[in-house]
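Please read the structure below before turning to the comments.
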Amino acid sequence: MRYVDVILPLPLDGTFTYSVPEGMEEKVVAGMRVLVPLGKSKKYIAMVADVHSEKPDFNCKPIEGVLDSYPSLLPQQYRLWQWISDYYMSPLGDVYNAAMPAGMKSTEKFKPKMELYVELASSYRNEQALHVALNMVQRALKQSKTLTTFLALSHWDSLEGDTPREGIKKVTKEELMNEARCTAAVVKALIDRGILFTYELEVGRLNTAGESHLDQIKPLSMPQQDAYNQILMQMLKKNVVLLHGVTSSGKTEIYIHLVRKAIEEHRQVLYLLPEIALTVQIMERLHKVFGDRLGIYHSKYSDAERVEIWQKQLSGHPYDVILGARSAVFLPFQKLGLVIIDEEHETSFKQQDPAPRYHARSAAIVLANMYPEAKVLLGTATPSMESYYNARQGKYGLVELKTRYKDIQLPEIQVVDVKDLRHRKMMTGVYSPVLLAAVKEALKNGEQAILFQNRRGFAPMIECKVCGWVPKCKNCDVSLTLHKSINLLTCHYCGYTYPVPTECPNCGSTELMGRGIGTERIEDQISEIFPEARIARMDLDTTRTRNAYERLISDFSSGKTNLLIGTQMISKGLDFDKVSVVGILNADSMLNYPDFRAYEHAFMMMAQVSGRAGRKGKRGLVILQTKNPTLPIISQVVHNDYDSLFKGILEERRMFHYPPFFHLINVFLKHKHEKICQQASLELGKTLRGWFGERVLGPDKPAVARVKTMNIRKIVIKLENGIDQKKVREYLKYAQQIMAKDPRYGALQIYYDVDPM
Ligand code: ADP
Ligand code: ZN
Ligand code: ZN
């Protein structure tokens, strides 16, 4: 009797054993999907982790079917699942759920669309042999006509040596029959004669990019070529190399050259971007040169499209390059040679909710290590502390590119002291005179401007002027955000919306006013100040769909709009030609953040958004408004002085026990009743402190202590480098099991965030 250990697409840890009925034994191997029953009536598509003949000591149910004729999961991928499950303390079932497109886990079998192609048999691929073939069919008029039509369509009629002068063009059987006006029988006759043959290819419903044009790749400039050579040199010794190149230095061009090299060596490339927001422009650049060798994979694509890419990766004609957001690390790669992680510092590489809370950068490095020759390139203008530290320690290679392409200067950054101006009554709302003048000048000159505000919505909240009452969400412990265009208050945590109150329920006052300022409010104000401006706003609210984002970008690129207002979304790798002014409206909102990464993130955001200024031809101007102009971080931004930022932050991190010197694990407890949640977390805290001592902090209420009616408590564990992390995880799981058995804590949820962002 054979048995399979399977992973269910449910938040359950480990694998579950089923028996394999007679007749199916031959068909099932690890990595295939099988249909299994669970409980009385449920059925799931489970993933086979292992096939064996070890009879379990319980009565197991048989599987009901095998869905695959070849494995859907490669061994390297499964090892990645296991690593993620172990390291991030997430149930294997959650990893399965995150990794595979829903279409592959639904009980309806996905059928890829196939297309039949016709091709010339290899023995006829020279002039002489072709003559023989044509002579052979000379008397069969229809065959003769069909063959000549085929040769013309596929370019085999004009040879250079034994390949077509213009390159082979794929011809579908349907296309040939249409063009030659022949029946399938005629094509079959040519196949029977051994002149033609057919093969099947899956047709992407998505990819109509056409052929690649590797010859159109732009040559690298001297500094770029130098960086490229250094990267290759470093990769001889190191598995991971960090490319620290200022904004607009041409990192993307370097990536393109590296991709081409991998393709020439018949290896696949995984090119990760932090989120879809970034992909549109890069997608176009890559499509131009890599054509249909490039596959794109991210969550805004339909499930069918994602299933199709997955299947193609398993086929005999996988994509050479996959461009995708973090979930693309889960795609099958048969011969991965290079992983590029662009904007490696971006926090959105880390999945927050739901589990698995994995970091795609770490996962990609682990994945690459499973392929003997795969290397990883991390690229950014503002490296994460962790990566830069690893590079300085010699764990990663480090390549610096300090000049922009064509030696265009980095933008000039003018710091504006908002406090002082406000004191002198010179501010117009949140806008300084310098900023308004610069924007006015830019618009007058036919240039563009970007205004950056790290908040969406109209005003973050409203407040009663008399008693200070602030409306809060009934499900979550957060104040609501006012969205004027829909005239509603919304909760950014649970999505619940509320009507805007006309009077304060606390004191009855009708003086309710907005506090703080979001992008929507700025759009309103700016359109009054600059009625001639063609304004676009880019934030989460205006980019809910794939097309909305693309349109915003292309309208701004083409100059249809000339003033872009946005949240950090606009800071990310966008490449515009005519932006001469960037305004950072409120630097302080990024600094006054109760998070040890606040300064690192603030620097990154400001440096990145500044990088949008003056990218082609002319030096740009950045107006940085702040109430704290003397803070060191402000001058670090002004001088693009990453090194002193790094030194300063590193010192703090060492002193206060933060990464990269310590690993953090956040333990969260969740329960409907606040008392139970509090009690359980105190108990767990005590247990953990007994084991790990001072490394355990809390329990504390997190910044938002109630979400979707669930109360939350947090315990932080700080682990010094070198500690046996595996042991710690075992202890944590053990503690969790004890809690799970305690009848008082029936509905308690415990989950982890390892290396939280
Ligand atoms: P980064 O990725 O470092 O921000 P990009 O690769 O986007 O920089 O380059 C910035 C701009 O300069 C782009 O418009 C790009 O096309 C152009 N560019 C960079 N390097 C070259 C090159 N070698 N040849 C032609 N154009 C280049
Ligand atoms: Zn009030
Ligand atoms: Zn809510």
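Each Cβ is built from the backbone N, Cα and C atoms, and glycine gets one as well.
Taking the Cβ of C504 (Zn(2+) 1 binding site) as reference, residues of its chain lying under 8 Å away and at least six apart in sequence are, in sequence order, C464, V466, C467, W469, T510, E511, L512. According to TrEMBL, the feature Zn(2+) 1 binding site maps to C464, C467, C504, C507.
Residues annotated as Zn(2+) 2 binding site in TrEMBL: C473, C476, C491, C494. The Cβ of C491 (Zn(2+) 2 binding site) lies under 8 Å from the Cβ of C473, N475, C476, V478, L480, T481, T497, each of which sits 6+ residues away along the same chain.
In the predicted structure, the domain 'Helicase ATP-binding' (232-401) carries a mean pLDDT of 93. Annotation source TrEMBL lists domain 'Helicase ATP-binding' at 232-401.
Positions annotated as domain 'Helicase C-terminal' by TrEMBL: 499-653.
Apart from C464, C467, C504, C507, the residues listed for Zn(2+) 1, the same chain places the Cβ atoms of K465, V466, G468, W469, P505, N506, G508, S509, E511 within 8 Å of the centroid of those Cβ atoms.
Remark: of the binding-site residues C473, C476, C507, the most isolated position is C507 (fewest other Cβ atoms within 10 Å of its Cβ). Most Cβ neighbours within 10 Å, among the binding-site residues C464, C467, C494: C464 holds that distinction in the structure as shown. Cβ proximity to the Zn(2+) 2 site centre (mean Cβ of C473, C476, C491, C494, cutoff 8 Å) flags the following additional same-chain residues: K474, N475, V478, L480, H492, Y493, G495, Y496, V707, K708. In three-state terms derived from DSSP, C464 (Zn(2+) 1 binding site) belongs to an extended strand segment.
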